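**Student:** According to TrEMBL, the protein carries these features:
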- 206-222: compositional bias 'Basic and acidic residues' (COMPBIAS)
- 201-222: region 'Disordered' (REGION)
- 7-29: transmembrane segment (TRANSMEM)
- 49-69: transmembrane segment (TRANSMEM)
- 76-96: transmembrane segment (TRANSMEM)
- 102-125: transmembrane segment (TRANSMEM)
- 137-157: transmembrane segment (TRANSMEM)
- 169-188: transmembrane segment (TRANSMEM)
- 285-307: transmembrane segment (TRANSMEM)
- 362-382: transmembrane segment (TRANSMEM)
- 389-412: transmembrane segment (TRANSMEM)
- 472-492: transmembrane segment (TRANSMEM)
Amino acid sequence: MSDKLHIARIISSIAATTISLACGSNYVYSAWGPQYAEKLKLSSTEQNLIGLSGNLGMYSLGIPVGILVDAKGPRLALVMGALLLGGGYFPLHRAYDKGSGPLPLLCMFSFFTGLGGCAAFAAAIKTSALNWPHHRGTATGFPVAAFGLSAFFFSMFAHFVMPGSTGDFLMLLACGTSGIVSVGFFFLRVVPHPHYTAIPTTAGRGRADSNRLHRSKSEEAKRRVQLARGEAVGVEVTEGINTDTETSSLMSKTSSSPGDGEYLVKDRAHRVDIRGLKMIATLEFWQLFCLMGILTGVGLMTINNIGNDTKALWRHWDETLDDDSIAKRQAMHVSTLSVCSFVGRLMSGVGSDFLAKVLHASRWWCLTIASLVLFAAQCLALSIENPHYLTLVSSLTGIAYGFLFGCFPSLVADAFGVHGLSTNWGCMTISPVISGNIFNLFYGSVYDRHSIVRPGGERECTDGLACYRSAYVVTFFSCLVGLAMSLWSIWYTNRQREKEEKYLREREA
């Protein structure tokens with residue numbers, strides 16, 4: 001029985017990873033956004049508004065989507081995701097073929113693509129976390145990594161099957177994303193964990209006493225956690241339940257593996273359940289929220305505008321280069337970002353588990369690494385004028401962005417518990433909406449100030465690095481703030497955990 005359940009979890013994890021591959025399609029926007037804006041005669045700011053609408057759909061409704069997944073399970077979210085992805089990309093494809101379209105409608109359809117990806121991705125992450133309680137970082141790391149690989153997958157497929165055709169590429173996104181999520185619907189499910197069998201009280205006096213002692217410790221653990229957190233009113237400690245539905249908190253059940261019950265009691269993510277307004281009142285929430293906002297905002301600016309960076313540098317470097325050649329180089333940078341994001345996400349998910357379980361260090365160090373790598377990318381973006389070296393910017397940005405998102409689900413689970421992970425993750429994803437809008441719109445305004453409008457209505461900037469350098473000055477200092485915050489957060493969180501552990505030891509003595 002346990003072998004069958006193990007195989008079922010593996011199949012579900014493969015489905016979650018495959019679904020996530022379709023959910024990150026917004027990151028491929030830089031591969032088709034500049035050509036889309038050129039044909040529809042949009043400014044750089046208007047182009048960024050369409051891209052930002054996709055990000056808005058991905059991040060702004062994370063809370064209601066998370067509540068939906070926590071309450072109803074992953075399957076309804078998958079259906080919603082498939083419909084929104086197809087219903088978003090297809091109208092964008094039609095508008096490109098016509099060569100015109102109202103900007104508000106284009107933004108709305110882009111919003112649908114982001115929301116569809118958000119819904120399906122939340123279902124994949126929640127299912128992975130529930131199916132593998134002892135390896136959350138690794139289990140969520142694979143779908144998170146696939147999410148980052150999405151841009152590479154679709155851009156490479158289009159490069160070999162339909163090179164140079166933006167309209168066909170949008171049709172591929174419409175059919176491919178919705179199709180992958182629809183197929184994954186039949187394989188993604190929460191696999192129940194087998195229960196311990198209760199020890200009969202008739203087995204002897206000693207065993208009966210042992211049973212009573214175990215229950216006493218369980219109740220005592222509830223009080224310890226509440227008092228150690230200093231938030232007795234705001235913390236709920238979940239108890240085991242007997243229902244095996246997809247909406248139940250399966251993480252609270254004990255596994256049949258030896259020692260698993262003790263592990264579930266000791267693991268803080270299973271003891272606490274902080275969500276909603278109770279979570280917002282904690283300092284740890286604001287640490288995570290601000291760090292995610294700063295670092296994702298910096299990363300999203302490059303991710304959404306690497307196509308413009310490429311175009312500006314090549315127009316200045318080689319005036320004889322045609323549009324198709326520039327488009328190929330834009331696609332190459334999008335692929336580089338995607339692959340490096342995949343590597344960063346995968347390394348961060350596995351690495352955060354290694355830090356926590358083997359080295360007994362804080363998972364927050366992954367955020368410090370992301371800050372350092374992102375800072376290096378900003379330094380290079382401020383100085384590179386030769387477009388041949390722009391790959392350094394796209395690769396470092398991808399790695400840093402991957403590191404950031406690879407460890408964040410585990411950080412949220414460790415801080416506030418795994419039972420409300422989807423809802424809490426939804427709260428966190430509001431921060432990229434705020435920062436992403438600020439950084440991307442600022443980039444668009446900087447780029448437009450250096451652009452010229454040609455007789456046909458097309459906009460172009462031939463000033464090279466000067467087209468966007470001012471935007472990277474802002475992100476340079478933002479990274480410094482993020483780095484300082486991550487180091488302070490490590491110190492603060494370690495101090496809080498030491499106080500909690502000390503209190504628990506004193507209670508046991």
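Here the Cβ of each residue, glycine as well, is placed from N, Cα and C on the backbone.
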**Student:** For the transmembrane segment (362-382) and the transmembrane segment (472-492), decide whether they are in contact, meaning at least 3 CB pairs lie under 8 A, counting pairs 6 or more apart in sequence.
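**Tutor:** Counting Cβ pairs under 8 Å (6 or more apart in sequence), the transmembrane segment (362-382) reaches the transmembrane segment (472-492), since there are 3 or more.
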**Student:** Counting only pairs at least 6 apart in sequence, do the transmembrane segment (389-412) and the transmembrane segment (137-157) share 3+ Cβ pairs under 8 Å?
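**Tutor:** When sequence-distant Cβ pairs are counted, the transmembrane segment (137-157) touches the transmembrane segment (389-412), since at least 3 lie under 8 Å.
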**Student:** Give the nonlocal contacts of the transmembrane segment (137-157) in its own chain as ranges (CB under 8 Å, at least six residues past its ends).
**Tutor:** 13, 16-25, 27-28, 31, 121, 124-125, 128-129, 131, 169, 172-173, 176, 331, 334-335, 337-339, 341-346, 348-353, 356, 363, 398, 401-402, 405-407, 409-410
**Student:** So which residues does the transmembrane segment (49-69) touch in its own chain, when a touch means Cβ under 8 Å and the partner is 6 or more beyond its ends?
**Tutor:** 26, 29, 33, 36-37, 42, 76-77, 88, 103, 106-108, 110-119, 122-123, 126, 300, 304, 420-433, 436-437, 440-441, 444
**Student:** What else in the chain is close to the transmembrane segment (472-492), if you only count residues 6 or more beyond its ends and a Cβ gap under 8 Å?
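**Tutor:** Distant contacts of the transmembrane segment (472-492): 283, 287, 290-291, 294-295, 297-298, 301, 362, 364-365, 367-368, 370-372, 374-375, 378-379, 381-382, 439, 442.
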**Student:** For the transmembrane segment (102-125), could you work out the same-chain residues 6 or more beyond its ends whose Cβ comes under 8 Å from its Cβ atoms?
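**Tutor:** For the transmembrane segment (102-125), the far contacts come to 15-17, 19-20, 22-26, 40, 42, 46, 49-51, 53-59, 61-62, 65-66, 68-69, 74-75, 77-78, 80-89, 91-92, 95, 140, 143-144, 147, 173, 177-178, 181, 184, 188, 409, 421-422, 425-426, 429.
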